[in-house]
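Below is one structure, written out as structure tokens; comments come after it.
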Amino acid sequence: MTKTKANFLLLTAAMIWGAGFIFSKQATDAQIPAGLINGFRGLIFALFTLMIFYKEVRQLKLADWKIGLTAGTINFLGYQVQTIGLKETTPANSAFLTATYILMIPLIGWLIFKKVPSKQLILPIILSLVGMLFLTGFLQTGFHLQRGDALTLLCALIYAVQIIYFGISAKLLHPWRLSFMLAICQSSMGFIWSLLFEHAQFSQANFAKGWLPIVFLGIFSSFIGQSLQLLGQRYTDESTAGLILMNEALFGSLLSVLFGFEPFSLHLLFGGIMIMLAILLTQLQANKQSS
């Protein structure tokens, strides 16, 4: 697979995850605790992976389980920390601070793996971060530090580690086997978390209202989106992957406007243009390398 095709898979995953913002909101509006949402998402994810990729999943070995459990734990922690942080900060702060993982990826790669960041990615990264400033409305409303912002920065660090580790593990372990490991970790850890910390909220949950969004999240956001991410990351570098996956926030904002959750604004337009320019620059560089 070429790097261009791999980048397209990652962009598709970001688009699916952007749509997932709407369904996540619907699930949380139904008062379903985050742990239960993740638990059921992971269960659906695991069932679909097992049904469709059974031949690959059955070949899991002990070494694969070690890689998969590490990746699954990192993946689950990212979900949970972001959800907890979002309760104590604004959506705009959460979106922008989470996006700072794009700066952390090359830094971690350099400090831990001695991988020198590509100079060609500097301009796309700057364009993406400025685009996020427009997209989240910071230039209009300003930045107000909340207690949850520290947790959101921790989430960004976890996502940076996740993308780097996925880049490594996706090359060591077949993506469908790794998908299954992510799924069972998300499911089991989600249910355990919910039983330990969220059992008091069970009586408030409206499953009649929230089951359909959870099914969408399980099939599309987890099974399809995460599988595309793992497959795409086998054939591209971690910094480029992070830059493309950051479009999740852009697609989420655009779909929120289309579905009437928020009004259209010039900030959204300018932010979207800058982020798409960053992706275009990255793709042009990938095409040059391929040729």
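Each Cβ is built from the backbone N, Cα and C atoms, and glycine gets one as well.
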Among ranges 9-27, 180-198, whichever one TrEMBL labels transmembrane segment: 180-198
Selection from 94-113, 151-168, 180-198, 210-231, 267-286, the stretch that has most Cβ pairs under 8 A to the transmembrane segment (34-53): 180-198
Sequence-remote partners of the transmembrane segment (267-286) [C-beta within less than 8 Å, at least six residues beyond its ends]: 3-4, 7, 11, 120-121, 123-125, 127-128, 130-137, 139-140, 236, 240, 243-244, 246-247, 250, 253-254, 257
Within the domain 'EamA' (5-136), residues counted as helix, strand or coil by DSSP: 113 helix, 0 strand, 19 coil
